[in-house]
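Here's the structure, in structure tokens; my notes come after.
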Amino acid sequence: MIGSRFTSFQLQVPSFFLPSLPFPSSSRRRSRSRSRRWTFQTSRTEVLSCDCSAGMSQQLSEEKQHQRQKQAPNRAYPFHEIEPKWQLYWEENSTFRTPDEVDTSMPKFYVLDMFPYPSGAGLHVGHPLGYTATDILARYKRMQGYNVLHPMGWDAFGLPAEQYAIDVLLVIFLADRDTSQTHNVKEHRPISFAELEFVAFDVVLQLKSLGFSYDWDREISTTEPDYYKWTQWIFLQLLKRGLAYQAEVPVNWCPALGTVLANEEVVDGVSERGGHPVIRKPMRQWMLKITAYADRLLRDLDELDWPESIKEMQRNWIGRSEGAELEFCVLDEDANERDVKITVYTTRPDTIFGVTYLVVAPEHSLLSTIVSVGQSKMTGHQSQVEEYTDLASRKSDLERTELQKEKTGVFSGCYARNPANGEAIPIWVADYVLGSYGTGAIMAVPAHDTRDHEFAAKYSISVCMVVKPDGEHCVDSSKAFAGEGTAVNSANSTSGLDINGLPSKAAAAKVIEWAEKYGSGTRKVNYKLRDWLFARQRYWGEPIPVVFLEDTGESIPLPESDLPLTLPELDDFTPTGTGEPPLTKAVSWVNTVDPLSGKAARRETSTMPQWAGSCWFLSLSHKILHAFLDCSETMYRYYLRYMDPRNSKELVDKRKEIYWSPVDVYVGGAEHAVLHLLYSRFWHKVLYDIGIVSTKEPFKCVINQGIILGEVQYTAFKDQDGNYVSADSVDASDELYQEVIPEEKVKKSGDGFVLDDNPGVQVLARAHKMSKSRGNVVNPDDVVGEYGADALRLYEMFMGPFRDTKTWNTSGIEGVYRFLGRTWRLIVGSPLADGSFQDGSLTVDVEPSFEQLRSLHRCIAKVTEEIEATRFNTGISAMMEFVNAANKWDNLPRSIAEAFVLVLAPYAPHIAEELWFRLGHSSTLAYEPFPEARTEYLKDAKKVLPVQVNGKTRGTVEVDEGCSEEEAFMLASQDSKLSRFLEGKPIIKTIYVPGKILNVILGGKGPKPKSNPKPNPDASRTTVR
């Protein structure tokens, strides 16, 4: 496998190294001028060598171009010449560079893609979807006179990079070449990730080959010390303000990966990446107090121009609720109250009389105290609790709270007293209660909570109804009633609490008042949102700038002047297997002194999570994805650094931040709707509070693009004898084999597909997400090689609405490719006999006709409207309609052609640049004014006016815009087919709505209109010209 990948890439740097490497900034990449020989060696001893120098980018680009030119089909237009030409022009002239100092009197437009990170699977055609959309917006706004900021960078820290390097057992050696003897190896030594910068070249080239107008001078990598210095600086600000702290928390620990995993990274008890077993264990971890900002995160959602679905997801994740914390005293063996109280949070304090048991989480801090040693020895509950707790530790929070799963638990052997009625109620341990939510304990009211009811039914626990539904006399006791109603069975003279007859809300308020009066509880606002676990036990991440004194263990933040704290080089960065981070192996780095006191100290050996660096670079999703370019969770602040990427003195210059903030349009996948965006908003609000940023929110508008599925795959089923079984008769229990059928061997039949040579056999037709395992990945390089980058860009935008899920169909690209060919021939002409094209264009210097101007300006208006609304597909349709109309004209005025080329430019920049050049212009069109539609050409010159006689439509006439009533009636009366209905009858009145309708009201009886000797199918729609 590894060897084959080496072979297939030949001289190009293998993309499978990308996950383990950071992406360099443009300035650092250009500064590398000394030639080196790099040797890659794997555990299977396959070796690849390649020369790397400042000219490597050009070498790889030429090789790619040579490979494309090998396939020399009859092209609709010479994209293979045009696209490299203009990509080189843009790069050499820094066409899309945004100056450090811009004219701040001009409007700005900051458009940003969610931060990509490398994980080694390579690009497929789904990845450019969002990048193409933001590029269209960026190019369009430049042409409208905006200062545009459209940057790109890389999140190269994190688990995908590190784990891939470990998985392939990659050993990398650097051999410095003797400059006088190029083949003599001078030295071999292990190298760090950062020394492999050049492998990013192929990735950057791939993006540049699609014509994206990024400002590459602002390129950023989270692994650059100059960048993560400011990540560490922000951490210190959080620490100063009490927003960063350490706590003992239960975490998802994966021994094989050697790190803590987020809940979303654990599936069925194993790690999503690699399928390694995961256990729950308490660990001391760094936490960020995002809950301190919960109300602001919730309140400020109303001000955002985001999809309502995303805002609702964030509201649900924050999960604000109002209720009460109530205390239940634990009883000893003699039913006396012990000096131990279990605190529960509830949103329904009105149901306190219906509490028949308590449940504590397996990781509850009081569990060992609750299960008293003496009682455990008699009842044997201690061993049961320990066994259950161990089983629960192997499940993720998502698994434990899954609504459909069967509830499990174990009796602790202890009881507590219900403060409302004085009854002793059992204390259970169950994994559907989480130690991280609320207080880690609940009061169970099985009559009025479905989950509690299921648990009570399973373990034969009593049920007491205390809320009666309004207007219902009979209540179904076999299920829980979770709604509001009237309190019943809810009074006790001893406790002094009586809420019988009160509606639920009033009853809840009275219970809280009673609890606060007698010290049994207090009013409480709670959140589902948990503080952010901000540490990972792995090597490849930002070091945390804290040391611990050897004598006291006190944590001491590093002085800001000591930043950045860089990672040490390690020969072995594999997990320790003990829970200790890999950085503990760097003994000389770990053992240090406190810079202020000079006392012996140890560095923090956990690193920041992958999404730390991107919180201020830009925020993204919480879930690690495996595509080559996906969205990083380290982005929460990178959007700020793009504004001022080379500033070594401060995170961002205040003037630049005020001008560029907030991000105007932020585009990425809907899977990042919650945690990535939520974390980035949190970091941004902290920076707002300390005066670093001037806006309360980082992203003004968020757009989620849809996903592109692989091509439809057709699957037939066979039984054990090899006979086909129709898909519509397949049962889930059948033992059948699946066979993938080529598209040419199936045909459409009704709503489904059948085998072409056996129509009685229906096949399953389905599109899946692109993945190597399914073999449905479409490489954009292949598409660009055959059709060109402009065709790929157009097709991805034309497939359907930008926000919808779409299915890739390679044959579908032919349509937009033909459109580009027609556009080329319209302006340049058909190819000559040798296949080449004449210089210049076919346009003529004449004044365009009214019809030509009307066709152009309708196109301009539609494309402008659709770009603004990100309805790119319908904008392309408008351009196609224009080209179809223009190809029927006798001539093409130059002014019409120039305006259309400018309209086309944001979508298909390469062909547009070449056509602009052939129309006589010597410089790029990137900053030419985008055409504006003129209203006089948008109005219809003629309107079809329905004509009624006595309220019944009898025909139509064509009238001029703004036609008067008298003119409309004259046209109707002169029409041969309408006039016969008016002859000989007095006109009582006419009703005229300009441009809408003419209704003639007649009186008296006149002669009937003469009948036509032959039926006239057009009689009801007569037009007078």
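Every residue number used here counts from 1 along the chain in the order it is shown.
A Cβ is built for glycine as well, from the same backbone N, Cα and C atoms used for every other residue.
What TrEMBL annotates here:
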- 114-166: domain 'Methionyl/Leucyl tRNA synthetase' (DOMAIN)
- 315-515: domain 'Leucyl-tRNA synthetase editing' (DOMAIN)
- 767-797: domain 'Aminoacyl-tRNA synthetase class Ia' (DOMAIN)
- 853-960: domain 'Methionyl/Valyl/Leucyl/Isoleucyl-tRNA synthetase anticodon-binding' (DOMAIN)
- 1004-1025: region 'Disordered' (REGION)
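Packing against the domain 'Aminoacyl-tRNA synthetase class Ia' (767-797) from elsewhere in the chain are residues 64, 67-68, 71, 73, 79-80, 82-83, 121-129, 132-133, 135-136, 206, 209-211, 707-713, 807-808, 810, 812-813, 815-817, 819-820, 872-873, 875-876, 907-911: each is 6 or more residues past its ends and has a CB under 8 Å from a CB in it.
In this model, the domain 'Aminoacyl-tRNA synthetase class Ia' (767-797) carries an average pLDDT of 87. Helix, strand and coil residue tallies for the domain 'Methionyl/Valyl/Leucyl/Isoleucyl-tRNA synthetase anticodon-binding' (853-960), in that order: 55 helix, 18 strand, 35 coil [DSSP].
Under DSSP, the residues of the domain 'Aminoacyl-tRNA synthetase class Ia' (767-797) split into helix, strand and coil as follows: 20 helix, 1 strand, 10 coil.
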